[in-house]
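Annotations for this protein, taken from Swiss-Prot, read as follows:
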type: BINDING; residues: Asp10, Ser11, Tyr42, Gly43, Asn74, Thr75, Thr184, His185; note: substrate binding site
type: ACT_SITE; residues: Cys73; note: active site, proton donor/acceptor
type: ACT_SITE; residues: Cys183; note: active site, proton donor/acceptor
Amino acid sequence: MDNRPIGFLDSGVGGLTVVSELMRQLPHEKIIYIGDSARAPYGPRPAEQIREYTWELVRFLLTKHVKMIVFACNTATAVAWEEVKEALDIPVLGVILPGASAAIKATSGGKVGVIGTSMTISSGIYQEKIQLLAPTVQVTSLACPRFVPIVESNEISSSVAKKIVYETLAPLVGKIDTLVLGCTHYPLLRTIIQNVLGPQVKLIDSGAECVRDISVLLNYFEINGSRDDEHRRHHFYTTAGSDSFQAIASAWLNQTIDVEHVTL
């Protein structure tokens with residue numbers, strides 16, 4: 001047994017969708033989460049800047065003696081995951097390959113849509129991974145740069161959010177049977193997205209799919225947390241104001257959590 005925590009990094013609050021799924025599937029694991037909300041969104045930023053910020057988050061998590069790092073951010077995964085994975089001697093997971101694999105299994109007509117930040121979409125990484133595994137699948141990608149600010153400002157139920165989602169996703173309506181939510185912020189807009197595309201379109205949460213891989217690696221490396229750990233405690237950190245982060249996190253995780261502000 002290994003009672004060290006699992007480290008999660010994201011550009012802000014979006015990675016909490018991955019944490020929520022981990023708490024459901026692996027409730028005995030401890031969590032350290034760092035959200036860089038002060039510099040969110042990452043999507044419009046240059047790749048080199050995203051790489052620099054990601055390494056700062058990684059180094060922060062390493063000071064917390066984590067046993068594994070999860071890139072709970074598609075943009076950071078697209079830009080820096082391979083590099084970080086090769087550099088560290090602990091397991092490092094990203095969210096893109098699990099999401100791509102799940103989309104291939106889910107599609108009924110071979111028409112998959114991918115939505116994400118500008119950087120994730122321009123990298124072409126989802127299309128590359130999907131067509132590497134399933135060359136006949138048709139992939140339609142769409143950048144949704146206005147989605148992350150909606151989530152970070154906790155306006156996911158507002159009329160403005162509905163208007164933006166409807167306008168942005170209009171090009172995909174009637175053209176896909178499966179949609180990858182290629183940003184961990186997007187599941188927080190899941191209800192609106194489903195309403196726009198219709199109930200026939202299957203939505204793939206790349207972060208939730210990633211948790212299945214976390215479980216596999218914990219078993220493979222024999223680093224599962226103890227179910228009898230009486231000192232299990234989660235820690236959440238943000239580079240922005242802790243009040244806003246705490247409100248979003250407590251609502252999404254359905255429990256009151258403590259959030260600490262950090263400067264990287």
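All positions are counted from 1 along the displayed chain.
Using N, Cα and C of the backbone, Cβ positions are placed for all residues, glycine too.
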If you take the centroid of the Cβ atoms of Asp10, Ser11, Tyr42, Gly43, Asn74, Thr75, Thr184, His185, the listed substrate site, which other residues of that chain have their Cβ within 8 Å of it?
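Nearby residues not in the site list: Gly12, Gly14, Gly15, Ala40, Pro41, Cys73, Ala76, Thr117, Thr120, Val148, Cys183.
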For Asp10 (substrate binding site), just give me the three-state DSSP call.
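Where Asp10 (substrate binding site) sits, the three-state DSSP reduction gives strand.
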Which one, from the binding-site residues Asn74, Thr75, has the smallest tally of other C-beta atoms lying within 10 Å of its C-beta?
Thr75
Which one, from the active-site residues Cys73, Cys183, has the smallest tally of other C-beta atoms lying within 10 Å of its C-beta?
Cys183
Going by DSSP, is Thr75 (substrate binding site) sitting in a helix, a strand, or coil?
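In three-state terms, Thr75 (substrate binding site) counts as helix.
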Based on the record's binding annotation for substrate (Asp10, Ser11, Tyr42, Gly43, Asn74, Thr75, Thr184, His185), what whole-number value in Å is the widest Cα to Cα distance?
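Roughly 12 Å, rounded to the nearest whole number.
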Could you state the whole-number distance in Å separating the C-alpha atoms of Asp10 (substrate binding site) and Cys183 (active site, proton donor/acceptor)?
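A Cα-Cα distance of 10 Å.
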Using DSSP with the three-state reduction, classify His185 (substrate binding site) as helix, strand or coil.
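In three-state terms, His185 (substrate binding site) counts as coil.
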